[in-house]
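Trainee: This structure is in structure tokens; I'll ask about it shortly.
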Amino acid sequence: MTNQLSARNGPQAFVTLQNLWPRWSSSKSPRLPTTSASRLIATTPSTILYLAYGSNLSAQTFKGTRGIKPLSALNVHVPSLTLTFDLPGIPYTEPCFANTRYTSPAPPSNTEYRKDRWHKGLVGVVYEVTPEDYRTIIATEGGGASYHDVVVPCYAIAPGSKTIDAIPSGVPFFAHTLLRPSPSDGLGPNVGISEGVIRPNPSYAQASARYLNLLTSGGEEHALPEDYMAYLYSLRPYTITTIAQRMGLAVIVVVWVPMLLFVLGLEKMCADDDGKVPEWLAGIMETLMKGVWESYDRVLKKRFGDGERTIGDEKDEKNGMDWVKRDEERVEMPEKSVTLE
């Protein structure tokens with residue numbers, strides 16, 4: 001559907017700034033109907049199967065912020081993909097966001113960062129949506145320039161499953177999902193997506209508590225398997241711990257956010273019918289986002305401290321402390337405690 005994507009990655013900033021705006025809230029959403037087996041194996045022009053894995057797991061974001069009205073949903077396991085948090089956001093407030101990449105043939109042996117310690121493949125939710133809603137998803141996920149629309153094999157997760165098997169069983173079906181290719185995928189230039197902002201160590205940044213809460217609350221809404229939920233709950237958020245870091249955040253808000261919000265406001269006026277932004281606007285947003293991170297690397301980090309990772313967590317994880325044992329006591333979910341197996 002989005003084979004001809006913009007050559008620029010600037011609309012990544014659209015996603016970033018939207019995460020700074022106030023969120024819609026409501027009472028717990030009713031459970032969606034389960035997608036029928038006949039729909040999973042059939043192709044129809046009236047609906048599209050879309051795989052969500054990040055904040056779109058949460059009704060607060062998917063139904064509220066984006067205004068999507070899914071027709072049905074199904075929990076799935078996608079062993080060909082891996083959850084990552086390597087999409088740069090804004091330092092000191094939303095350092096990174098969820099992304100996905102193709103699973104490496106062999107998982108890395110060095111697992112110093114706990115968010116890289118899940119090696120059973122991507123777990124998410126496939127929504128059945130209308131073509132109109134899918135265009136809205138594209139528009140609100142960067143205007144078709146930050147992500148590549150791919151079709152991947154998914155395996156349905158049986159209701160009530162508590163764990164995920166590394167090798168799934170059953171017959172797969174196919175669904176669309178959005179990913180930002182990494183250089184190792186060999187997809188960037190070939191699909192017309194620039195690399196955009198790439199951090200020196202993509203695994204270093206921590207997502208905000210607000211953002212991680214969207215993933216865990218969304219996982220609870222859909223009753224994702226307990227071992228995957230325990231993994232999500234084990235992820236540590238970025239936390240400001242010093243006055244200097246708060247000053248760094250203030251500089252970002254005063255200097256950069258007004259410009260980003262101004263260009264973001266042009267989206268509604270300039271986006272086409274498919275929700276894609278023009279290349280010139282994508283280029284402006286890309287330049288601004290690179291400016292944000294260059295100012296952080298050159299000035300703000302040296303003057304105000306770390307805007308990507310909670311001070312102390314880097315040393316804590318590299319000391320090789322056992323993440324499972326430490327989280328058995330702190331990982332709590334409603335009405336029960338969960339221990340990783």
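Here the Cβ of each residue, glycine as well, is placed from N, Cα and C on the backbone.
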Trainee: Need one residue: from TYR211, TYR228, TYR231, the one TrEMBL lists with TYR50, LEU51, ALA52, TYR53, GLY54, SER55 for substrate.
Mentor: TYR211
Trainee: Rounded to a whole number, how many Å is the Cα of TYR53 (substrate binding site) away from the Cα of GLU141 (active site, proton acceptor)?
Mentor: 13
Trainee: Rounding to the nearest whole angstrom, report the longest C-alpha distance spanning TYR50, LEU51, ALA52, TYR53, GLY54, SER55, TYR211, listed for substrate.
Mentor: 21
Trainee: To the nearest whole angstrom, what is the C-alpha distance linking GLU141 (active site, proton acceptor) and ALA52 (substrate binding site)?
Mentor: 12
Trainee: So, three-state DSSP: helix, strand or coil for ALA52 (substrate binding site)?
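Mentor: Its secondary structure by DSSP: strand.
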